[in-house]
Amino acid sequence: MYKKIIFSEFNSASKILKNFLEDKKQIENIQKAAILIAQSFKNEKKVISCGNGGSHCDAVHFSEELTSVYRKKRSGYPAISISDSSYISAVGNDFGYDQIFSRFIQSVGHLGDILLAISTSGNSLNIVRAIEEAKKKKMKVIVLTGNNAGKIKNLSDIEICIPHCGYSDRIQEMHIKIIHILILIIEKEMQKN
């Protein structure tokens, strides 16, 4: 009944993965991002992640895997996602939704920390403001994005961009795979002396 749809969906995802893998710069950027995050942990710094909607879920998942466990038991790593609903509703109400991430970074971000900003379109104003605030704090910025990276293009230290201009779910599927690979490499880097 729906087999054609199922095959079509998997084929579409496969093509996006294939196109991404052909861009060697993106593969290099994943490696650079993982090494940068591991180095920040070794320097007793933290990573702060943020995103909206499905990207918010990815940001939470990223910090959960780092503070808890991925594939093997190990010590937790200092990762925070900007996800507290009371905080988000308070700042959204008092200052505006565009400041929910930047005010958090203003409060807890420090030199040497890292911001992982996730946006499928690259056009969310609250993500742009988060990046700007992180730069003021002399934090390093890594972005996971899609399409053509939108307004956040060239604002980060490391940009990982999924070359897809269709539905955002395809970009999110790639983002979660990238997040898992980042964590895997971070763990390997943290085992080095």
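Glycine residues also receive a Cβ, built from the backbone N, Cα and C atoms like all the rest.
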Per Swiss-Prot, member of Gln26, Gln172 binding substrate alongside Asn52, Gly53, Gly54, Glu65, Asn93, Asp94, Ser119, Thr120, Ser121, Ser124: Gln172
Around the Cβ of His180 (Zn(2+) binding site), the count of other Cβ atoms that are within 10 Å: 15
Local confidence of the domain 'SIS' (37-193) - pLDDT mean: 95
